[in-house]
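Peer 1: From TrEMBL, here are the annotated features:
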type: BINDING; residues: Lys8, Thr168, Asp169, Thr212, Gly213, Gly214, Met215, Val216, Thr217, Lys218; note: ATP binding site
type: BINDING; residues: Ser49, Asp136, Asn148; note: substrate binding site
type: DOMAIN; residues: 278-361; note: domain 'PUA'
Amino acid sequence: MSQTIVVKIGTSSVTQPETGSLAIATIATLAETLTELRSNGMRVILVSSGATGVGCERLHLKERPRTIALNQAVAAVGQGRLIRIYDDLFSTLRQPIAQVLLTRQELIQRNSYVNIYNTFQSLLDLEVIPIVNENDTVAVEELNFGDNDTMSALVASLVEADYLFLLTDVDRLYSADPRNDPEAEPIKKVVTRKELEELQANAGKSGSQWGTGGMVTKLEAARIATGAGVKTVITHGRRPQEIHQILSGASIGTQFEAQPRGENARKRWIAYSLVPVGELYLDHGAVKAIRDRGKSLLPAGITHVEGDFQAGEAVTLCDSEGKEIARGLTNYSSAEIRQIQGHKSEKIPLILGYTSAETVIHRDDMVSVL
Ligand SMILES: Nc1ncnc2c1ncn2[C@@H]1O[C@H](COP(=O)(O)OP(=O)(O)O)[C@@H](O)[C@H]1O
Ligand SMILES: N[C@@H](CCC(=O)OP(=O)(O)O)C(=O)O
């Protein structure tokens, strides 16, 4: 079976830091590298940022737009220009590409998530390189990604990629932001979940002027991707050709080992793509049953409900101290759960006048925190 690789390139790499104009040499080398990988039989997806940055340059704006409407308008200007450059370069190399614009909303909806999966498979079977970006022009504020790091990890999980490359404007992750701290130590390898969580706890929040995420979102992307069995590498975007050496085992960038791809695809969708809209607080017995024995959640173990949600939406399950232990899709709305919490399942028809399910969350619809 051929390998699948997802390469994400940030605004800081597709544009010139001084002028904001397109970094043509970088994009050309990236196109050559990805075309070579494709010709070697790999399935390749490119996630490219830059719509807003390129739109700003086209419209002579000196900084990123501060209002949503302006950002959406500027991204619409830049995206066309960006894809045109990619199409020109890849066409010269006789490599067909496709533009795929996604929103978080579509990755939350199970049916559109499955549709996106099928579309990617068809494009990859056709030996096309899909070029993905967030559909900034229609994304709503409460549910946008903002940066493409998280989205590229969800795409890598969706297609069960072997590798995710996060190309940025530093050569790897450091113990602190190297722009501000000359003593920052390079980090070459991250092997365990615990090491990754410690890095996440220490990560600074600053990014470059045009990028949005900084290292915080790259570490979150690494958590999602490695949890889905995808090896993840943070490396310099100005040298895309190094992807070849990394695939041959060279120690370049920061390399995160993949965890075993344990959960099935639907459970990964619940764990990473959904955005929980409420919280259920559980008593000690329910926490133990779920965490240690993988049981379903019954109304008897619920002590408190936060938020307003409908049946079928995603919620977080918390212990009595508010620590998340799992998340899942609820069979009842928040209003119904407030009535049945603390009661045995056989009381549900007496209280509500009907029963939708014995469980509030069935174990098939639940994942423990990864
Ligand atoms: N611990 C760190 N190690 C490396 N870079 C860091 C770290 N913390 C913050 N950064 C900053 O993150 C920036 C890259 O993030 P960002 O600008 O969002 O890039 P991109 O546009 O590629 O997504 C770097 O220029 C660097 O200044
Ligand atoms: N979708 C947006 C991504 C914004 C952005 O700057 O992202 P990144 O450079 O990946 O931190 C765009 O194309 O402008």
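Cβ atoms here come from the backbone N, Cα and C positions, even for glycine.
Just so you know, TrEMBL annotations are computer predictions that nobody has curated.
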Peer 1: Going through the binding-site residues Lys8, Asp136, Asp169, Thr217 in sequence order, which have a CB under 6 Å from an atom of ligand 2?
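Peer 2: Close enough to ligand 2 are Asp136.
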Peer 1: Just to be sure I understand the packing, how many Cβ atoms besides its own are within 10 Å of the Cβ of Asp136 (substrate binding site)?
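Peer 2: Other Cβ atoms found within 10 Å: 24.
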Peer 1: Report the mean pLDDT of the predicted model across the domain 'PUA' (278-361), rounded to a whole number.
Peer 2: 96
Peer 1: With respect to ligand 1, which members of the binding-site residues Lys8, Asp136, Asp169 satisfy a Cβ distance under 6 angstroms to one of its atoms?
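Peer 2: With ligand 1 as the reference and 6 Å as the Cβ limit, the list reads Asp169.
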Peer 1: Check the Cα distances from Ser49 (substrate binding site) to each of the binding-site residues Lys8, Asp169, Met215, Thr217 and keep only the ones within 10 Å.
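Peer 2: Within 10 Å Cα-Cα: Lys8.
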Peer 1: Residues other than Ser49, Asp136, Asn148 within 8 Å, Cβ to Cβ centroid, of the substrate site?
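Peer 2: Here the nearby residues are Thr11, Val47, Ser48, Gly50, Ala51, Thr52, Ala75, Asn133, Glu134, Phe145, Gly146, Asp147, Met151.
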Peer 1: Any same-chain residues 6+ apart from Asn148 (substrate binding site) with CB under 8 Å of its CB? Would you list them in sequence order, or say none?
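Peer 2: Those within reach of Asn148 (substrate binding site), by Cβ under 8 Å and sequence separation of 6 or more, are Lys8, Gly10, Val47, Ser48, Ser49, Val132, Asn133, Glu134.
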Peer 1: Where the distance is taken from Cα to Cα, which of the binding-site residues Asp169, Met215, Thr217 turns out closest to Asp136 (substrate binding site)?
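Peer 2: The smallest Cα gap between Asp136 (substrate binding site) and any of the binding-site residues is with Thr217.
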Peer 1: Quiz question: given the binding-site residues Ser49, Thr217, which has the greatest number of C-beta atoms lying within 10 angstroms of its own C-beta?
Peer 2: Ser49
Peer 1: Radius 10 Å, atoms counted are CB only; among the binding-site residues Lys8, Asp169, which position scores highest?
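Peer 2: By the 10 Å Cβ neighbour count, Lys8 comes out on top.
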